[in-house]
Amino acid sequence: MWTQKWHKYYTAQVDENDCGLAALNMILKYYGSDYMLAHLRQLAKTTADGTTVLGLVKAAKHLNLNAEAVRADMDALTASQLPLPVIVHVFKKNKLPHYYVVYQVTENDLIIGDPDPTVKTTKISKSQFAKEWTQIAIIIAPTVKYKPIKESRHTLIDLVPLLIKQKRLIGLIITAAAITTLISIAGAYFFQLIIDTYLPHLMTNRLSLVAIGLIVAYAFQAIINYIQSFFTIVLGQRLMIDIVLKYVHHLFDLPMNFFTTRHVGEMTSRFSDASKIIDALGSTTLTLFLDMWILLAVGLFLAYQNINLFLCSLVVVPIYISIVWLFKKTFNRLNQDTMESNAVLNSAIIESLSGIETIKSLTGEATTKKKIDTLFSDLLHKNLAYQKADQGQQAIKAATKLILTIVILWWGTFFVMRHQLSLGQLLTYNALLAYFLTPLENIINLQPKLQAARVANNRLNEVYLVESEFSKSREITALEQLNGDIEVNHVSFNYGYCSNILEDVSLTIPHHQKITIVGMSGSGKTTLAKLLVGFFEPQEQHGEIQINHHNISDISRTILRQYINYVPQEPFIFSGSVLENLLLGSRPGVTQQMIDQACSFAEIKTDIENLPQGYHTRLSESGFNLSGGQKQRLSIARALLSPAQCFIFDESTSNLDTITEHKIVSKLLFMKDKTIIFVAHRLNIASQTDKVVVLDHGKIVEQGSHRQLLNYNGYYARLIHNQE
């Protein structure tokens with residue numbers, strides 16, 4: 001009873017690392033607001049590891065709330081020294097970092113909101129809470145500027161236009177179903193004629209004629225059933241295109257920071273979420289238009305047969321509704337729980353398969369299998385709980401249906417004995433009763449499907465709410481506008497609310513210059529390179545990057561990446577032919593001669609020619625049939641086939657032998673019409689470029705030519721000395 005008072009403020013986490021965001025939204029609901037978790041995620045700068053306490057404080061302040069993280073103990077909580085509700089950081093079950101919202105403190109218990117949808121708003125004993133609490137609390141209260149805001153949420157109703165688009169197909173399905181229903185009613189009525197008319201009067205000719213007609217009708221019904229099933233499959237596929245492909249396309253349009261703050265399994269698990277939405281949309285459409293029609297048509301016929309038996313049959317309706325209501329909350333909780341467990345398992349499997357080489361080299365198979373076994377067992381356990389609830393509901397409905405059938409026959413027999421109903425009418429009524437109860441069951445069965453779809457739709461919308469990096473209108477939309485110097489002006493950058501990776505970096509890279517960025521691991525070299533190509537953006541009011549005096553925030557992301565080609569240390573090779581990999585992102589009109597030249601340039605042409613089918617040789621996923629050096633050379637050739645005028649090679653030759661590396665680097669340096677940026681540990685490359693930029697702890701400590709920096713005898717000179 002006490003928990004019901006607070007349940008209206010409850011918010012469930014969508015993904016495993018959303019617990020802090022859900023807790024924050026519970027506080028926001030208490031103060032009259034309601035935000036989408038995707039919005040709060042951006043404000044709190046949530047990463048794949050979750051949300052920090054600092055992130056929650058910053059997000060709350062951004063929404064005009066006073067927020068302060070404090071350290072407290074049970075005495076302070078019990079003595080009401082902490083204003084409630086309050087967010088607390090815990091180690092759930094003494095191992096999982098998590099957040100609760102404490103709503104109320106009683107003599108022996110606390111009323112908490114747990115973002116875990118399997119728990120929700122509940123009581124927890126003070127002793128158990130004390131074991132889990134890290135004694136960190138976040139006190140939040142509105143400021144004078146605070147105004148409640150309730151963000152609109154997309155619901156399943158928003159998907160109705162997808163169904164309207166398929167109205168012709170849906171109309172054909174409904175028409176086919178109407179025809180088959182009429183034939184079924186006619187078939188049931190035939191039994192009444194046999195018993196009440198043909199048998200008593202020995203009407204053999206009429207019996208044969210009607211029987212042959214019904215055989216033809218049933219054959220026609222089979223054809224119509226096939227057509228209806230085919231159209232239903234087509235409807236499902238068209239909805240799949242509108243929902244699943246739309247989600248895939250949106251994923252590819254999202255900015256890079258979306259992928260760095262989420263697990264792959266969280267994204268892939270939403271494909272199965274989409275199938276739940278499609279199932280619900282298809283079922284809802286057919287049920288509303290088809291089953292409702294059948295229910296009405298058969299119901300009228302049954303009422304015509306015997307109104308008393310029909311009224312008896314209607315008793316099942318409130319019983320079915322009660323069954324649905326009893327299972328509603330259970331299905332909602334179990335659906336959310338199963339989807340989350342599936343996402344966690346997918347992430348673990350994908351991560352393990354991606355790192356299989358490391359697992360095998362460390363003989364970590366047993367540990368990995370144990371981890372996956374645990375997650376798989378958890379998913380099976382939660383899926384079993386869902387299936388138990390579903391089968392329990394189905395069993396109750398089946399029992400109700402059987403009991404009703406017996407009651408109808410029992411009561412109907414009395415009508416026959418009193419000559420108020422013929423035997424044929426009773427048998428016909430009983431036969432048609434199934435056609436009445438089946439659509440009624442279909443309507444009732446919508447409940448778990450719609451609940452699963454609602455949860456799945458919420459999960460999909462959390463991704464759709466992340467803005468595409470291509471949605472913003474940008475001024476620069478032509479490559480020709482970018483031919484000029486690259487300027488980095490006082491740029492600072494960090495990931496989340498961590499300390500700065502780059503600190504007040506200023507750098508000018510003249511057009512067609514060749515430079516090398518060097519520094520120890522973690523100095524910010526790769527981060528700077530990714531900022532140049534627009535994978536991440538500098539913090540607001542913390543500097544800017546310009547190309548030919550155009551801020552890169554004003555440059556179309558497609559044009560920016562066509563102008564600057566970033567080649568990472570670990571290039572990704574896609575499953576497909578060598579040629580398909582080379583042509584990915586290539587400039588228009590690439591000829592075989594150009595491909596040969598690029599491959600010769602990258603010292604990979606001979607290797608390709610030695611493959612079984614040359615350029616048409618199929619490569620496995622991630623290029624497992626290529627060496628690390630071959631992958632790097634292939635990626636360099638691929639970059640040379642792009643329209644890029646500037647190349648960033650981020651340790652892109654680290655797996656090459658020194659002779660091959662020297663050949664390729666020398667050729668790159670000879671490209672007078674290209675800007676070349678090397679990010680390197682091997683300082684022999686730095687000695688060949690026009691300029692060397694030295695980074696240390698996110699700051700440029702030195703820059704100049706190789707000779708100038710050696711003469712300066714500073715940080716760079718020490719790096720050279722240590723490498724020798």
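Glycine is no exception: its Cβ is also placed from the backbone N, Cα and C atoms.
Note that the coordinates shown come from a computational prediction; the quantities given were computed from them, not determined experimentally.
Taken verbatim from Swiss-Prot:
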- CYS19: active site (ACT_SITE)
- GLY519, MET520, SER521, GLY522, SER523, GLY524, LYS525, THR526: ATP binding site (BINDING)
- 13-140: domain 'Peptidase C39' (DOMAIN)
- 170-452: domain 'ABC transmembrane type-1' (DOMAIN)
- 486-722: domain 'ABC transporter' (DOMAIN)
- 170-190: transmembrane segment (TRANSMEM)
- 207-227: transmembrane segment (TRANSMEM)
- 284-304: transmembrane segment (TRANSMEM)
- 307-327: transmembrane segment (TRANSMEM)
- 396-416: transmembrane segment (TRANSMEM)
- 426-446: transmembrane segment (TRANSMEM)
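A map of Swiss-Prot features onto the structure.
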residue	record	Cβ neighbours (10 Å)
CYS19	active site	24
GLY519	ATP binding site	25
MET520	ATP binding site	15
SER521	ATP binding site	7
GLY522	ATP binding site	13
SER523	ATP binding site	21
GLY524	ATP binding site	23
LYS525	ATP binding site	25
THR526	ATP binding site	20
Sorted by sequence, non-GLY519, MET520, SER521, GLY522, SER523, GLY524, LYS525, THR526 residues with Cβ within 8 Å of centre, ATP: LEU695
GLY524 (ATP binding site) to the residue listed as 'active site' - Cα separation in whole Å: 31
Secondary structure content, the domain 'Peptidase C39' (13-140) (per DSSP, counts of residues): 45 helix, 47 strand, 36 coil
Integer mean pLDDT for the domain 'ABC transporter' (486-722): 91
Distance, CYS19 (active site) to GLY519 (ATP binding site) (CA atoms, angstrom): 38
Distance [Cα-Cα, Å, rounded] between MET520 (ATP binding site) and CYS19 (active site): 36
Between CYS19 (active site) and LYS525 (ATP binding site): CA-CA distance (Å): 33
Spatial separation of CYS19 (active site) from SER521 (ATP binding site) - C-alpha basis, Å: 33
Cα distance (Å, whole number) from CYS19 (active site) to THR526 (ATP binding site): 31
